[in-house]
Amino acid sequence: MLKRLQDLTKQGVLRQLDYQFAKFVALRSPDSHSSLVALVAALVSHELGKGHVCLMLNKISAQSLFGLPSRVSVALLDGLPEPEQWTAELNGLPIVSNIEQGDQQATPLVLDGGRLYLHRYWHFEQLVASKLHHTAQPVEPAAIMPSVLNELFPRTYTYLYQALQQLKKADSGQASPNEMNTAEIRRKEVCDKLDVVRAELLNWDEIDAILIAATKAEELSALDGLVPQAACLNWQKVAAAMAITRQFAVISGGPGTGKTTTVAKLLAALVMQADHGSTGEEVATPTIKLVAPTGKAAARLTESIGMAVQSLPVDPEVRKRIPTQSSTIHRLLGSVPNQVDFRHHHDNPLHLDVLVVDEASMVDLPMMARLLDAMPPHAKLILLGDRDQLASVEAGAVLGDICAFSSQGYSRQQEQLLSQLTGFDLAGSHLTGIDGARAVSPVADSLCMLQKSYRFHAESGIGKLAKAINNGNPYHVEKVCQHGFKDINHYSLSAESYQTMINMTVNFYRDYFDAIELGKEPKEVLKAFSAVRLLCALREGDFGVVGLNHRIERELVRIGKVGQADETWYEGRPIMITRNDHGLGLYNGDIGIAMIDKKVNPENPHLRVFFEMPDGSIRSVLPSRLPEHETVYAMTIHKSQGSEFADTLMVLPSEFSPILTRELIYTGVTRAKEKLYLFALQDVINRSVRLRTERASGLACLLG
Ligand SMILES: Nc1ncnc2c1ncn2[C@@H]1O[C@H](COP(=O)(O)OP(=O)(O)OP(=O)(O)O)[C@@H](O)[C@H]1O
């Protein structure tokens, strides 16, 4: 068996790591079982490489081991028992512990239910589950919370008034406005802007009279009594209330659903709650820390939370006490060069009371385990993220596994508590709870899913496309692609459209090159660069990152933006770090721009690469000192997670492959803030949307 596995490694089917692990355990097993153990170990390790935390023994298909063609796969099983018998065969071997039978020793493989793990990953999963169980518990909210929440989430009529004005303008342009239709639109706007969920309770004639008569936003406050809180439901307020009532909370939502806005209000509420609990002179401000998985995401969080805190409707003194500086999880935990362990862990916990983790979908199982392990027992953990995005690069889908519990709705107790805190009637909401029996996991009470996007207008194509993709409905996806929305340009693939894509990309980067030519500061140049990106599903080939970056560079040379075709380094070369360098503080995914540094040595200026650090500062490094990196006019959708671009171009290969999944397409599309240029065959898009990524893990089972 080892020989066959070695051959598969040479063919690139297995990683060297898979083979070495298989060899390690096979050599420690009785001869009678060494072939089976080698195969099973290689399978677990191979699955881990594909992001699965464990091997589901009852889902093994003899026809497609390691994704091999059926004939080769079946041949591998020659002389071995059928997969259905593997659990029994593995039982009792010295390298496997069976949890269900109470085995305690630390063996390389762990059998738990029908799942086979590498010991380390089993341990990570147990740790995450037990910490979440422990922290997914209620926390008594202060008595002032309902009024604090009302202050932070006031009803505002500004957006409704603006919408009514626009409607009036549109109507005045028409020869004979359709009054019936306009009244309906007004009603829709009231429901949308005031979050009405029980329209049937309202007196619409009286409401409409006020809408028609209003000459300024303040006059709409006459609606206060006509549209009571109990008929409305603002999920952002519910999310903040939920997070106040729990030690562990997850707020998930697509782009622009207000996760950052909500968490800024939540932090203000926690600061105000601490004030209320304080006595005498001393004010107990909670120590709040903000983190994200990558430097880029942390920098974005610093910027967006800074803006959200600035516009909080609270006393400036409260605002001042909410930090906006974010860092990476690595930095928070204190990475030690050349070691996997961090400075902070169970025995040396973090010094904080509240931790906010943004882009939590990118946090893999080992990192989540380490983070939870380092949390002090009293602290509050808030995860923000988009459950529908691609799962983490490394194994696990922690956010997805946790968010799956949202389908259970809230327990009756939590529903009542949230209704009291917010003034909304959650029991009347079809979005909470499932009818009948309510066996709700404590985790379900710690979740809130935000659905309404404030970034994408209801008529925005990007918003509609994202929704259709998430629903896995190729028919709707196709309709949106072909509808002709202003913010989506869809091109089928052809030699001509391929060239159009290169030209457009280069054209979009003109502002960026202009910023360099005009001698703008590195921060501004980096900002100009981050307005555009070409996203690819693949790395290699005509539709992959490597080839496309070459094509773009050649085109830039042709139009004179870049000097020589064979120069590796030139002013304006954008690069992305592909390997962490703790010493330099540069991490996988960080983006830098090569620019002539005239400040350090004006007589003899050198080319240096400028990076924006998570705290917003700029650091420059000589190209020769950089860790591994690559050019980044085009990047993979995977690497684009945690970033957004005003103009996003996205290209899919001409042939479908299983790498193209619903989550991949959704992640790519939702990177676009203003315009999406999609270069793909409709059939490839449709097939991708049908394919969901499922990651094997036991977390949901442990949390249930
Ligand atoms: N309740 C609201 N009413 C009006 N505008 C809102 C509301 N909530 C958020 N916004 C606006 O919508 C935009 C997106 O909000 P925010 O950045 O909080 O969303 P997000 O979910 O964190 O976005 P991202 O996915 O980009 O991280 C911001 O401009 C914000 O001011």
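Glycine is treated like the rest: Cβ placed from N, Cα and C.
Straight from TrEMBL, the features:
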- 10-117: domain 'RecBCD enzyme subunit RecD N-terminal' (DOMAIN)
- G253, G254, P255, G256, T257, G258, K259, T260: ATP binding site (BINDING)
- 632-678: domain 'UvrD-like helicase C-terminal' (DOMAIN)
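Here the features listed in TrEMBL are painted onto the structure.
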residue : record           : CB count, 10 Å
G253    : ATP binding site : 23
G254    : ATP binding site : 23
P255    : ATP binding site : 20
G256    : ATP binding site : 20
T257    : ATP binding site : 23
G258    : ATP binding site : 21
K259    : ATP binding site : 27
T260    : ATP binding site : 22
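Under 6 Å, Cβ to nearest atom of ligand 1: this is the test, and of the binding-site residues G254, K259, T260 it is passed by K259, T260. Shown in sequence order, D386, L450, S453, Y454, R455 are the same-chain residues outside G253, G254, P255, G256, T257, G258, K259, T260 whose Cβ sits within 8 Å of the Cβ centre of the ATP site. G256 (ATP binding site) carries neither a helix nor a strand DSSP state and counts as coil. Per DSSP, the domain 'RecBCD enzyme subunit RecD N-terminal' (10-117) is made up of 55 helix, 12 strand, 41 coil. Mapped onto DSSP helix, strand and coil, the domain 'UvrD-like helicase C-terminal' (632-678) counts 12 helix, 17 strand, 18 coil.
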